[in-house]
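Inspection log for the structure reproduced underneath, given as structure tokens.
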Amino acid sequence: MSTFFTSRLFFISLALVVIAATLPLYVSGYVLGLLTVAFYFGVFAMAWDLLFGFAGEVNFGPTFLIGVGAYTAGILNAQFGWSVYPCIVLGALASVIAGLVLALPALRVRGPYFGLTTLVAVLMLQNFIVVFADLTGGEIGLTIPDVITIDAGANYWIALGFMTISAAILYGLSQSPIGLVLQASGQDPVQAGALGFNIVKHKLAAFIVSAFFSGLSGALLVFYFGTASVGTVVDVAVGVNVIVSAVLGGRRTVLGAALGAIFLIVAGEFLRPTGELATFIVSAVALLVVLFFPGGFLGAALSREARS
Amino acid sequence: MDMRLSNRAVLEVRGLTKRFGGLTAVKNLGFDVNGGEIFGLIGPNGSGKSTAMKSVMGIERPTSGEVIFEGENVAGLPAHKIARKGFGMVFQHSRPLNRQTVLENILVALLPDSLFMLFPDKALVERAKWIAERVGLGNVMNRRPPTLPFADLRRLELAKAIARDPKVVLVDEPFAGLTRAEVDIFSDLIRSFRDEGRAVMLVDHNVKSVAALVDRVLAMYLGEEIVTGRADEVMKNETVRRVYLGGAIETHARPETSFKDKVPLLQVENVSVFYGKAQALENVSIHVHEGEFVSIVGLNGAGKTTLFNTISGFLPYSGEIVRGGDRLRGTSPAKIARSGLVQCPESRELFGEMSVRENLDLGGQHLSDDKRAAQLAWLFELFPILKERQGQMAQTLSGGEQQMLAIGRALMMQPQILILDEPTLGLAPVILEQLSKALTKLRQTTSITVLLGEQNVTFALPHADRVYVLEHARIVWEGDPGRFAAEAGADFL
């Protein structure tokens, strides 16, 4: 752990954050807006990697956790007039509770069945939002009266700061004894059990942490967008983007997931002139990386280091 | 504390039974293990010894029975709770954390089962270092597992198992894959666990390999105890001998001139195969007559599987392979198999989640319904156990039954030439005897041509009409099995 502060990864990350922090001084509001969204996505992807890369559980429904956080915060603000910050905190808490309710039964089933359970949860949430349109805004979406700030630079810094702090916590956790035990449980649950670790307890904890950051990020995102809609925070396609980001960046790296998310969103935007083709091109690149560099951007670098 | 002084055994197992569906893997097993004792649980593949060990550890939940540790019944508890009470298990296959160092891997085993430890204790790191030294990993502590040789990975497993100073150490096949020199080192390490007063329980295939190490042995077969006692007593036991020891080698070779085809049915001529830069086959030439039974013997890595895969069309090669006058080059593996040159691979490649019957039906898929039924009836006569197991999932069969199913599935394709690659791998002698009988029957009652690859000479010779010896990618000897022992046997017997 202590070696991290002298490692190359630390200095590269630090340099990237410092450079990113100075961007509002010389780039347009348009670019800042794009990166703001990308940073929140980065947190989604990192939270997802904690589950997949470390606990070894594929959560096909990251947007269940994100959506519960986002909509709870949005509804409390729009329908009940609560102020922004309590809404954000409660959004994150709601996500943790929803995650717990989902994970408790889901972690009892193994392998692909866990993933299927999480996928069904997303569909149920989506359905709930559409059916209870009075409360949730339904398919049109929920307009949120309050925002944290309207200043593009401030929004950008909030997102960057939030991502940096989340990255530090999630990465730290992944490198801590808990991260080691999680990794051991993900790789060989039988042996981890025989070494005296309660695997369900550890995986549940990972799920709760993942839910907390997903929900918090989702809640912050709706207050940036000023709306909450199925298409931006719940749809299965959004979840697929989160998963692709994490895999692109590199499994079991946490930080790579954030890089992957930023890449995916920025690349999608750059290709906007190609119209409908943009999604296709980004997906094709992602597919190629997954097929030929399954370790992802950061994973390839780290495993080369491991072999030497 | 010297546990040898206490009069109660550290571990007492009473009436342990484990059922998987209709299969009783362990039946009413009972034994004691004392502190400062090495106890061996011995049995051929499929005898239930591994299941018994897993049931003690809590990895499998026993169906009934008691596992009493220091007076407390722990049967039915989950593995992590049993581990915390003072059990450690050495696994045969390891999956270490590849991005962490050896030291960190050992450290994992020392961590508490807590969600609140964010930084490892200094004391734990010191203890991990001490354990690494203790098992002989002192020099490689800061390396990562992928860079370590196999023996060091096994040491790492030992280190993890004893990390939290368990009173009971369970070891699954302690010597699998180790060289003779390494076996001595590991024996010393396991003895040192005993000398520290721990109760050590080993699981292994045969008595001989662990005889020098164990204080007492329980031999089991088909889930039940045969006999318990000192290793030499157990080896003398009548039933144990019958389960383990095959007969003397008798050969029944038919002379090559007795086969009527002038041009052999299958000819492999000057075949060479490369894997990258490594040469796996070097100018190999063999021939097989119609109806002949040819054994290819060679140690692991000699090139047997490569030869068979080349014949089956899976690998590019130089040279020629001719079957019945036609060159096989350019024919797809599927076409070769369908035309009656069928391989039963070393790894069996069963469809694990399909039933026995479904596996067999797939083999006979190209046959008409009544022909398939007739072939199946004939096959069940050859391997009666498969008839009993028809509805069972293939992956739940014992090793021997799986091998029979693999051969059975190949036979359902009505092969003209059957290639059997190491059918005896990992099987106990009693199973070998059953397989051997089936092969004898196959040879006597059918015209199927068989090409058998084996490192087990006692299995390969009795059936063979002719033998080839493959060594380091080359054929070094060819001849009658009767002359094998005198001319080429020294390396094998």
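Glycine is treated like the rest: Cβ placed from N, Cα and C.
Automated prediction, rather than curation, is the source of TrEMBL annotations.
According to TrEMBL, the transmembrane segment annotation covers A:30-51 (among others). Long-range neighbours of the transmembrane segment (A:30-51) within the same chain, counting only residues 6 or more positions beyond its ends whose Cβ lies under 8 Å from a Cβ of the stretch, are 20, 23-24, 57-59, 62, 65-66, 152-153, 155-156, 159-160, 162-163, 166-167, 170-171, 173-174, 182, 206-207, 209-214, 216-218, 220-221, 224, 241-243, 245-246, 249, 251-262, 264-266, 269.
Distant neighbours of the transmembrane segment (A:58-76): 44, 47-48, 51-52, 82, 86-88, 90-92, 94-95, 98-99, 102, 112, 114-116, 118-122, 125-126, 129, 135-136, 142, 144, 207, 210-211, 214-219, 221-223, 227-228, 230, 233-236, 238-239, 242-243; these residues of the same chain sit at least 6 beyond its ends, with a Cβ under 8 Å from one of its Cβ atoms. As annotated by TrEMBL, transmembrane segment applies to A:58-76 (among others).
Per TrEMBL, transmembrane segment is recorded for A:82-106 (among others). Residues 64-66, 68-74, 76, 114, 117-118, 121, 146-148, 203-204, 207-208, 210-212, 214-216, 218-220, 223 of the same chain, all 6+ positions outside the transmembrane segment (A:82-106), place their C-beta atoms under 8 angstroms from a C-beta of that stretch.
The transmembrane segment feature in TrEMBL is assigned to A:113-133 (among others).
For the transmembrane segment (A:153-173), the residues of the chain that approach it from at least six positions outside its boundaries are 1, 13, 17, 20-21, 23-24, 32-33, 35-37, 39-40, 42-43, 46-47, 50, 179, 209, 213, 216-217, 220, 224, 254-255, 258, judged by C-beta separation under 8 angstroms. The transmembrane segment annotation in TrEMBL covers A:153-173 (among others).
Residues annotated as transmembrane segment in TrEMBL: A:204-224 (among others).
Sequence-remote contacts of a segment are chain residues at least 6 beyond its ends whose Cβ falls under 8 Å from one of its Cβ atoms, and for the transmembrane segment (A:230-248) they are 41-42, 44-46, 48-49, 52-53, 60-64, 66-67, 70-71, 119, 122-123, 125-126, 129-130, 139, 141, 218, 221-222, 256-257, 260-261, 263-264, 283, 286, 289-290, 294, 296-297. If you look up TrEMBL, you'll see A:230-248 (among others) marked as transmembrane segment.
The annotation transmembrane segment is assigned in TrEMBL to A:253-271 (among others).
According to TrEMBL, the feature transmembrane segment maps to A:277-302 (among others).
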Beyond the flanks of the transmembrane segment (A:277-302) by 6 or more, those residues with Cβ under 8 Å of it: 244, 247-253, 255-256, 259-260, 263-264, 267-268, 271
